[in-house]
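According to TrEMBL, the protein has these features:
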- 20-38: transmembrane segment (TRANSMEM)
- 45-65: transmembrane segment (TRANSMEM)
- 126-145: transmembrane segment (TRANSMEM)
- 138-199: domain 'Fatty acid hydroxylase' (DOMAIN)
- 182-207: transmembrane segment (TRANSMEM)
- 299-321: transmembrane segment (TRANSMEM)
- 422-587: domain 'Very-long-chain aldehyde decarbonylase CER1-like C-terminal' (DOMAIN)
Amino acid sequence: MASRPGVLTEWPWSPLGDFKYLLVVPLAIASIISYMTAEEEEKDLGRMLIVALMLWRIVHSQIWISVSRQKTAKGTKKIVYKPIEFEQVDRERSWDDQIIFNTLFMYLLNSKLPGSSRIPIWRLDGAILIALIHAGPVEFLYYWFHRALHHHFLYSRYHSHHHSSIVTKPITSVVHPFAEHIAYTILFAIPIVAASLCGILSIFSFLCYTPSFHSLHHTQFRTNYSLFMPIYDYIYGTTDKCTESLYENSLEREEESPDVIHLTHLTTLDSIYQMRLGFPSFSSRPLWSRSPWYLTYSMWPFTLLFSFVLTSAVSSCTFVFERNRLRNLIHHSHLLPKFGFHYKSQRHHRSINNIIEAAIIEADEKGVKVMSLGLMNTSEELNGYGELYVQKHPNLKIRLVDGSSMAAAVVVNSIPTGTTEVVFRGNLTKIASAIVFSLSQKGIKVVVLREEEYTKLIKSGADENLVLFSSNNCYSSTVWLVGDGLGKEEQMKAKEGTLFIPFSQFPPDKLRKDCFYHPTPAMLVPKSAQNIDSCENWLGRRVMSAWRIGGIVHALEGWEEHDCGNTCKFLRLHAIWEAALRHDFQPLQLPPSHL
């Protein structure tokens, strides 16, 4: 929003939200029916292709969004060394409004403007006329209109909204208040109207200009006002002196080498939209809390297609999809293009391990200090919590972190102060053993629901304050530590107001509206963390999983040993927790009733 919003700042269909595309549907249907029922000489191909052009513009924009984000993640060809945050993502969420507006405008011209119906796909004379008019009066008028928008009166009411984005992206150029887009549309319609009145209009393509030119306009503010042709900036002396050198230097910049890599994977098919390389508005919200069901189902064809392409075309290697910075530490997130169901199948384990092993070796050769393993990449069944790679490559310089110690430390410190008893239920993992051992040492009574879990915990040495529950009545404790394997019947036996604290990578099903569900082990990132503009799976904004934090803290502390395998540093949980707090990671807030 502009600093002092003026008239016609809001788009008229803003209240419609995701339903805004319904404005185009009647016109698209009418054009298709008209084309199919009209006589051959009356068929209007141009009118029917208007909606196809709209869809192409959306796809074209999305392609450039993904390419830009992938380049940013790798650290190559970066122009501005400033972060992109959630505020910019939210501000640019409406980038497709101008596409809808232009589509409606094209339907209007097609029905009202002489010579704009039943146009051919290509006319050379029409294309030449449009190019000449655009290069001449349109670019000239745009230059001076753009300079006028930088006058304090118009800037504060309209153009400041656009300039709130310091780091420009492909869609930044089209994010403006409604009134600005009205002026742009009228301006850019001049060549089309002229060609139409001359009877030589055709379907034509659009041009692009280099991102460094526009980026300098956003950083220097009083330079580079032109659109496609910088000739008027040269004529009137407003060309930034760094334009050419900045563009050339960005092309020569090599890929950035990270200090820490977090290796994760896809979960459900919908999780493709959680990748930072995809739709920014989707990845900026937690998984499962985005579009309504009717949009989700309408996207299933694309979901299936993209999922198939992703898991087949690049299934044998990992790739970077996010880049963050914490003080001087460069942190990359890499994706292993497999879904959660691949990890549950034994026949995929060998190929997954080969991919992880190759990623570790490559990172080791590049001088990466630490690699943390996320989600099911660190399961005992797959690789023994990462022990497989350490044993196979004993001379690794890179340190592997499975994140179990940090996750256990987060869970232990998420238990409300004054708690004397907790219920434990879930698959007995390395994290679970560490948590139970730590609580036993603190004198907190741990009630185990299943005998086989109780027996295993006793054998691991956590016999003090460990109790096997032997009644079928409701459980007295209002704090439950839960992991994978929690059954519905068991969850329904919890008392009203119970706090469920998961120690697993995946959150439990929220079956009880009268209970509280703590997020999976995670912490808030420091305020100094940069380029945080997407959510990690189901976690909230600026919240990072403990497994990911474990690798970062390991690198920040300069610890030289691996933190993975079947053993857990039970006695170091306090030190690991203190290190995370010392580096400004903050615990998540408990529900008010449990503070």
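Just so you know, glycine gets a Cβ as well, placed from its N, Cα and C.
Predicted, not measured: the structure shown is a model, and the values here were computed from it.
When each of the listed stretches 126-145, 182-207, 299-321 is scored by C-beta pairs under 8 angstroms to the transmembrane segment (45-65), 182-207 comes out highest. Per DSSP, the domain 'Fatty acid hydroxylase' (138-199) is made up of 47 helix, 0 strand, 15 coil.
Mean per-residue pLDDT, taken over the domain 'Fatty acid hydroxylase' (138-199), amounts to 88.
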